[in-house]
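Peer 1: The following block contains the structure, expressed as C-alpha cells.
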Amino acid sequence: MDSSTSPKSPQTPKTTGGYSFDVEAQESSDAGDGSPSVSSGAVCQRCGTARQTVVFRQITYEVRQGRRRAARWQPLLRDVSGYVAPQELTALMGPSGSGKSTLLDLLAGRKTAGRLAEGSSIRFNGRRPTSAMLRRNVGYVEQTDTLLPLLTPSEMLLYTSELKHPHTMPRKDKQQLVDALIEKLRLQDCANTTIGSSLARGISGGEAKRVSVGLTMITCPAVLLCDEPTSGLDSWNQHAVVEALRDLARGGIAVASSIHAPSPDTFALFDRVLILQRGRAVYFGETGEACSRYFAEQFPALRPMRPWEGVADYIIDVTSSKHLGERAASEFADAYAASELCRSNEAEMEALLAAAPHQDGNSHKHSRARSLLQLGGPQGTITPWWWGLWVLFRFRTVRGYSRPVWVLPRALSPLIPVFLLATVYWGLGNNIDVLHVTSIAGVLFMWTTSAAYGSMGLMPTIIEERAVFLRERADGLYTPATYLLYKLSEEFSVSLTVTVPYAIAVFYIVRLQGSLALFWLVDVVTTAVATVLALLVGALAPNQAVAGMALPMYTTSLLYFSGFLITWGNIPPYWIWYSVIAYLRYAWGALMVNQFEGDRNIPAYGGVPVLQYYDLENVNKWAWLGWEALFFAAFTAAAWAALSLVRHQRR
Ligand SMILES: Nc1ncnc2c1ncn2[C@@H]1O[C@H](COP(=O)(O)OP(=O)(O)OP(=O)(O)O)[C@@H](O)[C@H]1O
C-alpha cells in the first residue's frame, strides 16, 4: 500500500483524468459567486475552479438545549481553529460526539440549527462564504451512501454528470469525465456491476463510498469534505478510500475527512490532523512522528505507546475522557491552546489569510451570516426542468421498467379486485330489482376503493428513496417539481395502460351501463389521486411506520363519507364538511350517475328512485369527474410544497 507522497515536497500533480490543478497561478473569472477573482494558487485545468484554502478560526458553535424558558445555549464546539489547504489531506479525529461532523457541517454551510458565536470566522481564500459560493466550491460526502441500487457505478456517475453539467455539453465529454473519475477512484473493476442494496448484493461498501466521493467530484469542487467515509469498512477498504482521497488532494483539491481509528498505514496517508475532544481542539498539526512527539513532550506522564498500537489509536485512547474524567480531559485542550504549536498554527493562519486574494477581515459582525448556516434553502439547477425529467426517465424509469419486481406488482395488483368483481357480480349490471341496485352501487364503490388502495404500495419505495431525493435536491440535480413530475409520469405511464383492459373487462362482464370512457377515466383519476397522496404522505411522514398508518387511515375514513355506506341525508351535520372534501365521493357519485342516468326511475329501498335515494339526482357526472381531477391538482400542489419545504434533516 502506497502511503508515501508528501504534500510538503514540491511536485507537479499529474493531470489524471482532468481532475488536477495547474501549479502556475492563473487568473480565474469564477470564484463561484459570480465575482471575478484571482486565486492564491492555481485553477483546475478542466473547469477553471480556483483552488481554495479554508481557514476557520475560533469557531464556537452553540445549539439551544432544554425547553422554552429553561433553554440555554450549549456550545458543541469551542474556539476551534485550523485550516484545510489545497493538495493536502486533513483528518478530523476524536472520540464519538467530539464535534467532527458538526465542524464539517459548518464548513460546508449545512447547519440548519444553532448559531456561530461572536468571534467565529470561516474564510475561503480569505472570503466569507455565501451559499452560492459554497455550493460551487464544496463537495460534501455524507456518512451514509445515497446511491441508486439499480445503476452501476459508471451509470450513477454519468446520471449525476448529466444533471450537474449543462445539457448542451456533449454526452461523450461527460462520459470521458466519468471514465476519468472511475480511473482516479480505482473503480474500474466494478464500474459495470450493479450497485445493489442491503437486499440485493452489489458492489462492496468501500466501492460504494468511492462512488459517493465520485458524485461530489463530478463538478470538480475545490474543497472536498467527507464525513466518516470509512465507517463500517474493513481496513483494506478503508485504506482504498483514503488513498483515493489522498490522490484527489494531490490533484490540488483541499480535502478534509473525519475518520475513526485508522490503521497506521491509512493514518500515514493524511498530511495533517485536527483532534477534537468535547468540542475543543487538542491538537492540530502534522500526522505521524510530529503528532506522537507533541504528546510525548507535552505530557511526559502519559503512558507510552504500546508496540502494537498505531499513533492514531494511541492518541485517541490517551486523550479520551473515558479514562481521564472531564477536568483532566480539558487539560489537553488547555495545554494545546497554550502551546508553541498552537501559536505557530495561528501565525500560519494569519499568513494564509494575508496571502489570500480576498480580505474580508475578521469582522465578527458578519460571521454569523445566515448563508453560512442555511445552505439547504431554495436553489436553482444547472439543467432545465425538461432535461432533468428526461435524465430521470432515461436512467431511473427505464431501469425500473426492465425489472419484473417493479412492473409485475403494478400490472397485476388490480387483477385480484377485477377477478372478484367480475366473478361475483357477473352480468348483474342490467338487473333492476332493489337488491341488485344496491349490489351495483357496491360494485362501483369497490371499483373506486380498489383504485384508492392500489397505489399505497408505492409509499415504502418513496420513503426509501427519500434520502436520495434529499441529497440530489441539495446538490441541485433537479427541483422538487421535476421530481414530482417524474414520479407521477412514471406511475401514470403504467396505470394508464393497465387500467384499460381491466376497465373493459369489468364493464362488460358485469354488464354495466353508461359510458365506458367515464368508467375508465374515474379509475384513472382515482389512481392518480391515490398516487399523489402516497407521494404527499411519503414527503410528510417522519418514517415508514407513520406513513404506513396515515394513508390507509385517511383512505378508510373517506369510505364512510363517499355516499354509499351512509347516504348524504343521513350524514350527521357536523360531518358534512368532510363528505364535501372526500374525493372518493365524487368518483363514486360520477359512476352512479353514469350507471343509472339512463333510467332514473329504477327504485332503490322504499321505492325511491335510485339517484334520489343516494342524493345524486342533480349531479352531472362529468362535472364530478372534474371535481375529482381538481382534488388531484390540489394534492399535487400539496405534495410539491411538502417536497420543497419538509426537510426531515435537522443538523
Ligand atoms: N443540532 C444539535 N442539537 C443538539 N446537539 C447536537 C446537535 N448536533 C450535534 N449535537 C451534539 O453535538 C455533539 C457532537 O456531535 P457530532 O455529530 O459533531 O460528533 P462526532 O464527533 O461527529 O461524533 P461521531 O464520531 O459519533 O459521528 C454530540 O454530542 C451531539 O449529540
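Backbone N, Cα and C define each Cβ position, glycine as well.
Remember, TrEMBL labels are computer predictions, not curated facts.
Okay, these came from TrEMBL:
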{"type": "COMPBIAS", "residues": "1-16", "note": "compositional bias 'Low complexity'"}
{"type": "DOMAIN", "residues": "54-303", "note": "domain 'ABC transporter'"}
{"type": "REGION", "residues": "1-42", "note": "region 'Disordered'"}
{"type": "TRANSMEM", "residues": "405-428", "note": "transmembrane segment"}
{"type": "TRANSMEM", "residues": "434-456", "note": "transmembrane segment"}
{"type": "TRANSMEM", "residues": "492-510", "note": "transmembrane segment"}
{"type": "TRANSMEM", "residues": "517-540", "note": "transmembrane segment"}
{"type": "TRANSMEM", "residues": "546-568", "note": "transmembrane segment"}
{"type": "TRANSMEM", "residues": "575-593", "note": "transmembrane segment"}
{"type": "TRANSMEM", "residues": "624-646", "note": "transmembrane segment"}
Peer 1: Are the transmembrane segment (624-646) and the transmembrane segment (434-456) close, by which I mean at least 3 Cβ pairs under 8 Å that are 6+ residues apart in sequence?
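Peer 2: With fewer than 3 qualifying Cβ pairs, these stretches do not touch.
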Peer 1: When you scan the chain for residues with a C-beta under 8 Å from the transmembrane segment (434-456), skipping those not six or more beyond its ends, what do you find?
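Peer 2: Beyond its ends, the transmembrane segment (434-456) has Cβ neighbours at 413-414, 417-418, 420-421, 425, 428, 491, 495, 506, 510, 512, 519, 522-523, 526-527, 529-531, 533-534, 551-552, 555, 558-559, 562, 564, 584, 587-588, 591-592, 595-596, 602-605, 610, 614.
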Peer 1: Residues sitting near the transmembrane segment (517-540): Cβ under 8 Å, six or more positions beyond its termini, same chain?
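Peer 2: For the transmembrane segment (517-540), the list is 447-448, 451-456, 458-459, 462-463, 466, 484, 487-488, 491-492, 495-496, 499-500, 502-504, 506-507, 547, 550-551, 554-555, 583-584, 587, 590-591, 594, 621-622, 625, 628-629, 631-632, 635-636, 638-639, 642-643, 646.
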Peer 1: Short question: which residues 6 or more past the ends of the transmembrane segment (405-428) have a Cβ under 8 Å from it?
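Peer 2: The answer is 436, 439-440, 443, 446-447, 450-451, 454, 457, 491, 494-495, 498-499, 502, 505-506, 509-511.
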